[in-house]
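Features as listed in TrEMBL:
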DOMAIN    37-120  domain 'HTH arsR-type'
REGION    1-24  region 'Disordered'
TRANSMEM  132-154  transmembrane segment
TRANSMEM  174-196  transmembrane segment
Amino acid sequence: MTSITRLLSRRQSAKSIQQEKDAEPTVLAMDDESADEIFNALSSATTRSILTSLYKKPKTASEIGDEVDTSLQNINYHLTKLKENDLIEVADTWYSDQGKEMKVYTPSDEALVLFAGEDLTQSTVLSSIKNLIGIVAAFSIVSVLVDQLFRRFASSSSPISAGAGQSSSEVTTFMLPPGAIFFLGTLFAVVVFLCVRHYQEQHH
């Protein structure tokens, strides 16, 4: 019972750690002085795998070792390298059944974005990311509403016949939900619009 309780508390703690992370990503120019340090820190495939794993969910060194499949000593080496470059941080401390202290690691920021370009600045890139996130979030909400309205309309209308109902059911099985179709369609339209606008800006 104790092990189960501790496991549940750890999962809840991991969720709370993710919710407390900074909502803004770190935006770094390719020609920034600190970019060289970031590239050096992420030159190892193991280091990149560890950072990717932590972006999925906060973990202890032993949990990372199980997922990345390497020794604990090697994991600690790469964790130290990531901490020295401010890519990760210790967010919490858990205790094993034997009472051993275990540090919980999590990324320092919500995301890490590297960009290059003469006309781009950190503020413009960050603003573009925020706008894109806002658009996707709005489309997601509207898509859910569209899906719910369609389901209500479909449930209120009675089938014409048993054969027609069976045919409709077979067709529906191979179709995406209405909300998903709406989301993908609007997202595609936004991507096309952004590409056209970017093309026009580059040729004016």
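Counting begins at 1 with the first residue displayed.
Quick reminder: no glycine exception, Cβ is built from N, Cα and C everywhere.
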Residue distribution over DSSP helix, strand and coil in the domain 'HTH arsR-type' (37-120): 38 helix, 21 strand, 25 coil
For the domain 'HTH arsR-type' (37-120), mean pLDDT (0 to 100): 87
